[in-house]
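Colleague: What Swiss-Prot lists as active site, GMP-histidine intermediate is 458. Positions annotated as Mn(2+) 1 binding site by Swiss-Prot: 152, 155, 260. Among the features that Swiss-Prot reports, Mn(2+) 2 binding site is placed at 155, 292, 383. The GMP binding site annotation in Swiss-Prot covers 259-263, 383-384, 432-435, 439, 458-461, 534. Sequence annotations record features per position, and here Swiss-Prot assigns compositional bias 'Basic residues' to 1-16. Here Swiss-Prot flags 1-29 as region 'Disordered'.
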């Protein structure tokens, strides 16, 4: 019997996932599992013949789990595939829901035409985080799954450019970090500096970023550089519970905690000059600001409310109860879709209000108007969302409900749903790294529309749970290392810094390069942090 091998480079090193909310992250010992050689790696013998390795892809054959409607796929290079092999061994030995199994499980859902995972994918609640699952809507059984969107509905990221150079802010870095930390509340349960009335909050859930434009908190031009123009239709606040609203209405303009962040960054390298120029980014050293956050307590409560409702309905009983959903066109399906859109609109407004505060902070410290500093929005993208989109399936254009959970929409040049400013280059996809590491801007490709339903990665992706990170790293060491890099760090709870250390994540450069090699997106530029604000 062959013994399992975790890595060509790091034999025997244990890797650990992070789970969402209710899923345990307890580290367990891995009993010996009978394995076979698979392209130079060891995988469980029970998967013999059920996987196929292709360039930058792992194909999961129909039959990997019972009831699959077709093959499933994970985009990965050899090093990223190596992380998946250990998960698969734990899956067999400890009934561990690996990313591979979760991607296969999602392929059993009614109406599914694609179950994919991006290179940054890891196990999550039901769907893997990094998953893209599409169902064709001409199938009346096609489902929508709250767990397939996740608890942080429209967690997303936006990038703001400036005409400033690094030297323009270098001497102001500490004060600018302090001002941003003061202006933008961060951490668990934080409340906004501006409290909207319940009536206004309903308007925010309906209008999204438009509400901020009407009330002077956002610029008109921000709308065209935001996915869905910052407002998703079919959003009925009456379908959002009172408890969900009570968790959200005082949180417009707050960062939250966990992996959410605000970074002042500098352009480190430009790979595609023309695409960068279309985004208003013209040279290395240019200062930008990246914001990563979502729908806060509102989204979490809406997700939980509708997971509970779906489980009680008994309409859909999948292979994994965490995948429970309902037919998209059923009453409950449409209610969840509308409530989800309310949360998405809130998240657009949340990032918009944070942008308002960022512009104020820069004006306070640098004594220049935001317009003079060219503080325009490059783009704002969703990471956790389900959307109705047109895609080609079996050589026919059909309407699909596409779940993206920890994945970024990345539509190609000339796609009708992207801004006129980006028609020639494709939709920007903003990809954040782990704390203290670089981030990237990508654009979508025509090949990506065919291979990944117009989707790409969303970040680095965890390889170590929060519990494991806290056990193996000290927050003091993590903070000191970031300071030694010349980065100004402000963090609400310093004790939790180890959870977000770069060792807990995959290499974001490897992730985006895999996406490019797979043809699903193209790298435009790289940024590195000067200031990091964390919850």
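Quick reminder: no glycine exception, Cβ is built from N, Cα and C everywhere.
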Colleague: Ranked by the number of other Cβ atoms within 10 Å of their own Cβ, which of the binding-site residues 259, 384, 434 ranks first?
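Modeller: By the 10 Å Cβ neighbour count, 384 comes out on top.
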Colleague: I'd like to know which of the recorded positions 152, 155, 292, 383, 458 sit within 10 A of residue 262 (GMP binding site) at the Cα level.
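Modeller: Hits: 292.
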Colleague: Using a 10 Å radius around its CB, how many other CB atoms surround residue 458 (active site, GMP-histidine intermediate)?
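Modeller: By my count, 30.
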Colleague: Within 10 Å of residue 152 (Mn(2+) 1 binding site) (Cα to Cα), which of the binding-site residues 259, 292, 434, 461 do you find?
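Modeller: Near residue 152 (Mn(2+) 1 binding site), where near means Cα within 10 Å, there are no binding-site residues at all.
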Colleague: Report, in whole Å, the straight Cα-to-Cα distance of residue 383 (Mn(2+) 2 binding site) from residue 458 (active site, GMP-histidine intermediate).
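Modeller: Distance between the two Cα atoms comes out at 7 Å.
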Colleague: Of 155, 260, 292, which binding-site residues come within 10 Å of residue 384 (GMP binding site), going by C-alpha to C-alpha distance?
Modeller: 155
Colleague: Measuring Cα to Cα, how far is residue 434 (GMP binding site) from residue 260 (Mn(2+) 1 binding site) in Å?
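Modeller: Cα-Cα distance, residue 434 (GMP binding site) to residue 260 (Mn(2+) 1 binding site): 10 Å.
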Colleague: For residue 292 (Mn(2+) 2 binding site), which of the three DSSP-derived states applies: helix, strand, or coil?
Modeller: strand
Colleague: What count of other C-beta atoms do you get within 10 angstroms of the C-beta of residue 383 (Mn(2+) 2 binding site), across all chains shown?
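Modeller: Around residue 383 (Mn(2+) 2 binding site), other Cβ atoms within 10 Å: 28.
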Colleague: Looking only at C-alpha atoms, tell me how far residue 259 (GMP binding site) is from residue 383 (Mn(2+) 2 binding site), rounded to the nearest Å.
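Modeller: Given the Cα positions, residue 259 (GMP binding site) is 13 Å from residue 383 (Mn(2+) 2 binding site).
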Colleague: Provide, as an integer number of angstrom, the distance between the C-alpha atoms of residue 155 (Mn(2+) 1 binding site) and residue 383 (Mn(2+) 2 binding site).
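Modeller: Cα-Cα, rounded: 5 Å.
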Colleague: With Cβ-Cβ distance below 8 Å and at least 6 positions apart along the chain, what are the contacts of residue 260 (Mn(2+) 1 binding site)? List them in sequence order.
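Modeller: For residue 260 (Mn(2+) 1 binding site), the qualifying residues are 155, 186, 292, 293, 294, 534, 535.
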Colleague: What does the structure give for the C-alpha distance between residue 461 (GMP binding site) and residue 383 (Mn(2+) 2 binding site)? Integer Å is fine.
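Modeller: Taking the Cα atoms only, residue 461 (GMP binding site) lies 12 Å from residue 383 (Mn(2+) 2 binding site).
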Colleague: So, three-state DSSP: helix, strand or coil for residue 434 (GMP binding site)?
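Modeller: SS state of residue 434 (GMP binding site) = coil.
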